[in-house]
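Peer 1: In case it's useful when we look at the structure, here is the feature table from TrEMBL:
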TRANSMEM  12-31  transmembrane segment
TRANSMEM  52-71  transmembrane segment
TRANSMEM  83-106  transmembrane segment
TRANSMEM  195-217  transmembrane segment
TRANSMEM  229-250  transmembrane segment
TRANSMEM  381-407  transmembrane segment
TRANSMEM  413-433  transmembrane segment
Amino acid sequence: MYDQVEASRVLLFMFAVLVFVICLEFFLHFLEHATKRKPKYADMLHKTTQELMIVGLIYLLVKFCVSTGLAKANGLVYQALDFADLLILFTVLAMVLQATVILFRLRKANRELGKISVLRTENVLANALTELNATKQKSWVHRYIAWSKLEYQLQVKLLRCLFLRSYDLPQLFPFDKYVEDVQDSQVAHLVEIDISMWIVLMATYALFFIFSGELLSNGEFKAITPVRWWVFIGFAVSLWTLMILLLVYLRKLVQLLLQHAAKKVNIVQDGSTSWIREHRNMATPEAMAEALSHVVQYEASLPPMPPQEAIDNMRRIADELSDDSHDAHFLAHLFAHDLLCGLLGTLGRRMKRRRSPSPTTPKGKLHGVGSLHLPYFSRKLVHVLIQLLFVMNGFYYALFINCVLYLDGFNGMAVIKAALVVIPLLLNTFVVAPKITREFSIINSLFRVDAHKLSAIVEHFAEVEAMKDDMARQV
């Protein structure tokens, strides 16, 4: 079964493996130390090592089958297990790298948002108008770049006003930190692939070889079949199209939230609103500036609130929202981390509520929405769809490496061809996925409050204020 291997050779490679293990452990300790300040990053690192450990156990199972004679070395069973293990390994690695790219792409915008969080809306609006006025005499490219840098910051300021008024939170509440926490949680979950997602990936794998005509005809896994190029291109372009459509839909929902926020603050100031203002396109600087001018007037009319009183109010509201959350039963806890099972559970609860409707609205949902209607929006359904598309994008990388990349060899033309084919996947990873994550985080943060995250944000804010008081007393 094995060739004759010298004991000295085994000892030499044992030393090499130990050196690699020691270096890897040092690297993991470094990552653990670096992620201590960011709990979500630490959670993401834990999930990554957990997934890689599972992949390593699969490979250990393959080696065990070979060593015990259950599978012949380099036989069909061994090769099938090896290919399956590599496919899963590359999928997990692709998901980790994709989540890392999304975090880094969003970090710059979050850093800029953190800088303006300490500023009043009046100052943010004045600075934005100064920058936009400076580009009026320049080309439309300069105006577009300037507006694209400021749009998200102004959107958050406007939606912050709606959020605080809807949930009766004081002005000191750090809304930007809450949005960032929701965003980080969503990205961290990308590393963990649910059981239902693995089933979908298996179906996608089978569908790929059905379209290439190899599954039903018992074609070889590593066969040289040029039709795989065209099948993969169709899969990649279809996924890119779906993600673009989802991004357009989410942006439409954000526009509806912005219109509603502008309408609400306009009613507070003027007592009425026109149809044109209610349905105005909030993607323009003029509309955003007008809405934020009403926010400035509204904030100026509010009486000042001491920090301790604001903290007490935030804690009270967080406790009320926590009390409103329902306790899940055993099966719900068992499948809590599976998004598809969670979606089915939500559908079951909705059907139950329809049979026996409750007269009250859940406290954690955006109340007082009036005419606000988000078409075809279900928070759980959209979350499942986003997770599914992101996982599919990572799986397509693994599918490309294992089943397509080798078809034309590794010459210059083959490399160019491969680079062109994966462009839709790269666009999804570096451009579309971060934007989808940002838009959905805004909607998710505003439309339904996460009581646990809200409580954590409030307690962190209270600790910071306590440290400020201690420093002031010491000075």
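A Cβ is built for glycine as well, from the same backbone N, Cα and C atoms used for every other residue.
Where in this structure would I find these features, and how exposed are they?
Peer 2: Non-local neighbours of the transmembrane segment (195-217) in the same chain are 87, 91, 223, 225, 227-228, 231-232, 234-235, 338-341, 387-388, 391-392, 395, 399, 403; each lies 6+ residues outside the stretch with a CB under 8 Å from one of its CB atoms.
Below 8 angstroms of C-beta separation, residues 98, 101-102, 105, 229, 232-233, 236-237, 239-240, 243-244, 247, 390, 393, 396-397, 400, 404-405, 407 of the same chain, each at least six residues beyond the ends of the transmembrane segment (413-433), sit close to that stretch.
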Peer 1: Go through 12-31, 52-71, 83-106, 229-250 and flag the stretch with the largest number of C-beta pairs under 8 Å relative to the transmembrane segment (381-407).
Peer 2: 83-106
Peer 1: Okay, the transmembrane segment (229-250) and the transmembrane segment (83-106): do they have at least three CB pairs under 8 Å, pairs separated by 6 or more?
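Peer 2: No, the transmembrane segment (83-106) does not contact the transmembrane segment (229-250).
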Peer 1: Could you give the residue numbers and ranges of same-chain residues that sit at least 6 residues beyond the transmembrane segment (12-31) on either side and whose C-beta is under 8 angstroms from one of its C-beta atoms?
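Peer 2: 45, 49.
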